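Q: The structure's right below; bear with me while I get my questions together.
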Amino acid sequence: MEREAQVLRAAGGFGRARRLLAAASWLPCLALGLALGSEPLLTALPAHHCRPDPSLLPPALRSLRGPALLDASLPRLRAGARSPCLLLRYPEPGARARPNGTRPCTRGWFYELPAAGLWSSPVTQWDLVCEDGWKVPLEQTSHLLGWLLGCIVLGTCCDWFGRRAVFVGTLLLATGLGACEALAASFPALLVLRLLHGGALAGVFLALYVARLELCDPPHRLVFTMGAGLFLVAGNLLLPGLALLAQDWRLLQGLSALAMGLLLLFWGFSTLFPESPRWLLATGQLTRARKILWHFAEASGLDPEESSEEEGSLATELDMLSMGSPQSQYHSILELRHTCVAWKNGLILGFSSLIGGGIRASFLRTLAPREAFYLPYFLSAGLEATAIVLLLLTTDHCGRRTILLLGTLAMGLASLLLLAGTHYLPHWIALALSVLGLLASQVVSALSCLFAAEVFPTVIRGAGLGLVLGAGFLGQAATPMANMHSRQSFFLQHMLFAAFTLLALLCVLLLPESRGRALPQSLPDADRLCRSPLLRSHPHSDNLPLLPPTPQAVHLP
């Protein structure tokens, strides 16, 4: 690891070229935010009721047609029907006849539009309400499952084929699949396309995240990562305005695909998105790394052939690194089985990400009614931006592990107090606890991803971070999966994630501190991450690994 660090320093360190590339990687997050925020808009449920059936109305109203029939029957529907999925039946003659029964809708539904700014959505186009209402959480689960599978599969591809190859390939796929979504002819086709589109977006996000992190030096990793998060939130906030302009879900999806295509037009070139030199050095691809590092050195005003008193030249460092003609080596996430500490760190961070993603819906449901759209949408985006700002202000000062511990503690306390005092707490206290819990869950999710990217080695960073991100999407998928069967499991789900939070609180104490440390390159480097005390301790305290490596057997002659 030390030799690779010397090569990167000789190429200008985190100089002008790398700073510009890291800052340029923020702009694709704006388009990703538009794609990520589309799910709540596409599945927003508008207020609806059955279309009146003249054969079920009183004889005095059966001769009416069109708008007159609707105007005459709406008051009766709203006053008498207990469900928007049932029609009242009027067998008695007379204008003031009373209903003596109900029956399912026979003529479809009327929707109160626009819903979430859209006059047309998949819900209204294919009538995904009442008996077919279970198809909405099915579509949500399908999209999140696509993200989960994309994180796992394409994370491994990042480690085998490179960050740039996965980014460009998945960006091309996301553009094509987004355009196909806008042309979907049936709900099953949309379901499959949302699954594939989610996987492609996961690959774009993951490759961009890892490449940006590997460009930065330790003091700037947090700033550039959280800056990208703010651009992601900005894309989410812009989407409702774009929906008001588009008014049709197909046009909205087409505009999102167009934004992805524009990204491909610019970031598809290696000038704005080169391959990660850190990954090339870690996998022994020195010829490709030499070209990129040479460009970095020249863009930073350094002569790659000239050495200084403190450090050798870039050419010298690369020659020393290439001694022995190393072959390209690729690694699998399964090699974590042979480590003592690294796999436990990944397991703990994946568990934290699972809880942070899963418990979020419980706090949102307490804050806003299920039928509302704009309040939970903007509240979630605003708290996500607040969480990013809090991380920027505190994480480098207090450390990753300390802030993750505090976030988990706040999330656990808020969830337990809401569970214990739902019927006893004043309304304003319940709202304050929900806001605190939602903010803490955003902090835990964002910090778990950053922490995982810093403790996994370069050779498997894509796959490791993909597993942690995938755990978060699995937690988010718990809510729509439960809604497909029964909407009464909210309390059990909240109680389960609250219990998990207490367990995660103990596990976070076992993590090392990655603040200010160089990124590990190999599996042994990741296994040597040393524990550090939670609070400042005596300067002579030990700095030994938290779990010592398994002793090797000694064979006597």
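Keep in mind that glycine also has a Cβ here, set from the backbone N, Cα and C atoms.
Among the features that TrEMBL reports, domain 'Major facilitator superfamily (MFS) profile' is placed at 68-516. Taken from TrEMBL, the feature transmembrane segment applies to 166-185, 191-210, 222-245, 251-273, 347-368, 374-395, 402-422, 428-452, 459-478, 490-511.
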Q: Verify whether three or more Cβ pairs under 8 angstroms connect the transmembrane segment (191-210) with the transmembrane segment (402-422), leaving out any pair fewer than 6 apart in sequence.
A: no
Q: Return the stretch with the most CB pairs under 8 A relative to the transmembrane segment (222-245), choosing among 166-185, 347-368, 374-395, 428-452.
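A: Between the candidates 166-185, 347-368, 374-395, 428-452, the best contact partner of the transmembrane segment (222-245) is 374-395.
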Q: Over the domain 'Major facilitator superfamily (MFS) profile' (68-516), what does the predicted model average in pLDDT?
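A: That region's mean pLDDT is 84.
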